[in-house]
Amino acid sequence: MEASEAKSKKQGASRLCCLCNQRRPVLKRPKTLQQICKDCFYEVFEEEIHQVIVKNGLFKAGERVAIGASGGKDSTVLAYVLSELNRRHSYGLDLFLLSIDEGITGYRDDSLETVKRNELQYGLPLQILSYKDLYGWTMDDIVKMIGLKNNCTFCGVFRRQALDRGAALLKVDKLVTGHNADDIAETVLLNILRGDIARLSRCTSITTVYIREGDLHTYAYFKKLDYFSTECIYSPNAYRGFAREFIKDLERLRPRAILDIIKSGEDFRIATTTKMPEQGTCERCGYISSQKWCKACVLLDGLNRGLPKMGIGRARGGANGDHHKETKKPASAGRSLESKQCGSLDF
Ligand code: SF4
């Protein structure tokens, strides 16, 4: 009798949240494998972000901070949590939402409606910059000209610069963007596979709070956050998809695989003899560039001249000098990794 009472007590206890030991657990965190209740999940999720902010001295009181907002889950959670922490811990930040409209009908126009609702829900001023206004081209126009190959190269390069331009326009001190740990691990792996040392060091040099996609999804779901979850209609599904599948397979064997891949990227030692690109400014537009012309200007020049392939790939065309003519690749040439990844993560 005593043994069965003890057993049922033990079973009852094991059904309680392993952090507060009071409420029923509603989830098992992929990161820690702990069974925890909703309230404890909110607490640890938000506290982990707060601790990274505090330990790394990410912000100073009075700073203006732009949050890159796409309307997707990652950036919506970021906007919500950062505005909550700013209020709760009195960071003293002026927060803004910064959205880039690539001009993708049926995708970005819908997701921007979500960001406009977030503007009201979180009380954060919203600035939207469009490719059409900045470059004279929408992604719809670009895809009409170049098709569905290399479209993400144009989109990623233009977005990166558009965010810089938006940050300058808003006169912010910092720009924060939301990507989940699973996506960062894919980016590390892709940069290793293509031997791109510069991008590999960039993608892990940013101060980052690593949150698993599963945790982000659960947080957004429990909090009933308003986000947009449709995939881009021009999204490629080649190499990033392969990397994703490979990482998922690794994770089945070793649950910490995603965080370990990111750590490997962070710990990667670059030989001091390796020549890294020096950051300067573009002679044409004045924004950040390691070449005479920035990549956005080279790509734009190609588009405007009706030679869109100019400037794609590692060899720089146009003003940066390597070739001015579009060259046909032999049919046997393999598909370029660079041209096949979603530029939204192309650090
Ligand atoms: Fe742009 Fe991403 Fe769509 Fe590619 S998948 S066109 S980078 S939004």
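Backbone N, Cα and C define each Cβ position, glycine as well.
Automatic, uncurated: that is what TrEMBL annotation is.
Some features that TrEMBL has for this protein:
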BINDING   G68, A69, S70, D74, I100, G178, D183  ATP binding site
DOMAIN    65-201  domain 'tRNA(Ile)-lysidine/2-thiocytidine synthase N-terminal'
DOMAIN    280-310  domain 'Cytoplasmic tRNA 2-thiolation protein 1 C-terminal'
REGION    314-347  region 'Disordered'
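When the binding-site residues A69, I100 are scored by other C-beta atoms within 10 Å, A69 scores highest. Its own atom aside, the Cβ of G178 (ATP binding site) has 22 Cβ atoms within 10 angstroms in the protein chains shown.
For the binding site of ATP, formed by G68, A69, S70, D74, I100, G178, D183 according to the record, the largest Cα to Cα distance is 20 Å, rounded to a whole number. For the recorded site, D183 (ATP binding site), the DSSP three-state label reads helix. Every protein chain considered, the tally of other Cβ atoms within 10 Å of the Cβ of S70 (ATP binding site) stands at 23. If you take every residue in the domain 'tRNA(Ile)-lysidine/2-thiocytidine synthase N-terminal' (65-201) and average the pLDDT, you get 93. The number of other Cβ atoms within 10 Å of the Cβ belonging to G68 (ATP binding site), over all protein chains shown, comes to 23. Taking the Cβ of D74 (ATP binding site) as reference, residues of its chain lying under 8 Å away and at least six apart in sequence are, in sequence order, G178, H179, N180, D183, L216.
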